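Record features (Swiss-Prot):
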type	residues	note
ZN_FING	1-29	zinc finger
BINDING	C3, C6, C21, C24	Zn(2+) binding site
REGION	30-64	region 'B-reader'
REGION	45-110	region 'Disordered'
REGION	65-80	region 'B-linker'
COMPBIAS	78-89	compositional bias 'Polar residues'
REGION	81-285	region 'N-terminal cyclin fold'
COMPBIAS	90-110	compositional bias 'Basic and acidic residues'
COMPBIAS	189-202	compositional bias 'Basic and acidic residues'
REGION	189-208	region 'Disordered'
REGION	515-548	region 'Disordered'
COMPBIAS	539-548	compositional bias 'Basic and acidic residues'
Amino acid sequence: MICTECENDAFDEEDDGYYYCQRCGVQVENLIQTGVDDGDLIGEGGGTQGALYNPKHRRTEPQPITPSQPRFTDDTSRYSQFKSQFESENGNKELPREVKRAPDSYVDKEPTEPVDFAAETLSYENYYDEARDRYVKAFLMMITYQCDALVDKFNVTPLIIGLVGPISLRYVALSGVYHKDWANNAIRDSEHQSEDGEVKDAKRLKRHKAEPRNIDGKRAVTIWFGILKKTMPLSSSLVISFLACHQAGAPVLPTDIVRWAREGKLPYLSCFLDIREQMGERSAACPVKVSIMARPFQVISAQMLEARASVIADTIGLPLPPVNFYGIASNYIKQLSIPEDKILDLARLIQNWSLPPELYLSTNEQKLPSRVCVMSILIVAIRMLYNINGLGVWERSLGFVNASDGDSETNSGTAEKATEFDTQELLKNLEAKYHEVAAETLESEKDLVSYLSLGKNEFFAGLEEDSPDDTYRIVDNLWNGYPKDEDIECLPKRGRDWDDDVSLNQLSLYDSRFSDGNNPCSSSSRRNESVSIGLDLSSSEHRESSSPEKLKEIAIKRLITDMGDDLFCYIPPRVKVKRLDYLQYVRKKEDGALIYAAHADYYILLRVCAKVAEIDVRNMHRGVLSFERRLAWIEKRIDQVLHLTRPLMTCKHCCDDGNIGEDQDD
């Protein structure tokens, strides 16, 4: 567009919607600012009835302004005189036009895609600074949300809010992501990892052609995010939250953190939704979405969480105390439904006396977790108080084992001690508690609606917005109609629910629920045997007349079967007991495999404690054996330590050149 008077190409837009020449001030004809899209200028039928002006421009009666009546008359007259004089001197030559200089960041080719007006070209430093800052900010926000949830939902001490700040900031500072050569080193490492080692042609896509890339053509932003996720994985947020709880002395276990994260009670899997509201989906220098950058896809195990907590503590130089034995042991005793007064006091005495190093967090993932040591101390205390030493208390409660004449006195003394602490009642309660804990399920797995809600809100959160079609909209419609149309009650997912309210004395293999025909893994011989027994004892009268010893024998066989499932061997009760001291078990090798042998009363105690501690029964047994060996070592050496005499030596600092042995004798 060129001015008809002075042939200038620079114009100014005024408030009335018209354009005026910057040099002569003449209004441009046939051009007005409408403030609407070009498509709005065409109305129905192809006419221009649909054209609308900008609302700020009033529709007034136009008054034509001719070039003979310019807007700036003084400037126009001076310019006319200057033009006529210049043309007369130069022979009617054209006036020199203004040369508009492009800025330094001018691109030779015009952009093919719309960009922001007055947008500055992003530098290499802008890209990696923005990518790093957004990831670190999202990481710290996730830790903050988790600590807030621990305090609000689980009544954890608010002290963790003050502890988690220094821990997380020191972890970020020592991770090396803010090193001055961090971005260049990441690009260089990615180039060294190329498969063929040859220089490839960097193919820049039109969509991301302005972004920096490595020599192989990979986007630098994706390379930096890959390094950030390896250096500071999102799972470290759970580790730091647990580390703050451990440092504050809260009785929070790694199993609790993992369980709460999987249930969605602790912000982790869907925490990126809250982070996106605070930070936005993306920025100009960081085109990676928050739903990709700050979204974890799995929850680490409790074993790995505890080991990584110790690694982070060593990295930042944080000295860790032992676990809160009193708080964790109290929670375990409540879950076991055992009287707390005597057991907890004895367990604390044993812990203070032995001071096991297993109560400290370890960097070794193959080592038994600290909660196993806590439960091992409780098992030893329960065995000492209730005299659970393979004396056949559980078998005698079934009336199956008869005491011989030779050991009648021993059994009578044992019975008196067992009656004092009610060992038989304890074993029955522990057995019922085991089946109760085994049948427990997560709140999200109790029914189908809860399970689907967990999947929608946690595991598949945010997929509705990213879906390019109406797939998830259809799912929402089906989801809204499900609770109304579903009238069938969803039974909870339970294991061995028939054992919950049935005591072991009343179990019978003759019941159809217990037949081996329901077990797909049973052999044909066992199935035929159970069927034959069921046919022989099909009548209810015959079942009632069956001997109690037969039923109790079946109960013992069932316990032996359960022990075999856990790779344990059943040991009959001890007879002719000569010493009523604490019984220690050992593992023996047979054909290259370790044999775990135990009595029935000890196994009943062991398996329920392992179930509460969420650990395998054999690993729980290993922890108990390790702690018992430590106690035996202390008892063996304590007499020697008490009778040690100081060596004869001279110390000028503490004895004033005196003889230590002589001072002791005096």
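Along the chain as shown, residues are numbered 1 onward.
Backbone N, Cα and C define each Cβ position, glycine as well.
Among the listed binding-site residues, namely C3, C6, C21, C24, the Cβ with the most fellow Cβ atoms inside 10 Å is that of C21. For the recorded site, C21 (Zn(2+) binding site), the DSSP three-state label reads strand. Broken down with DSSP, the zinc finger (1-29) shows 0 helix, 7 strand, 22 coil. Taken as a whole, the region 'B-linker' (65-80) shows an average pLDDT of 47 in this prediction.
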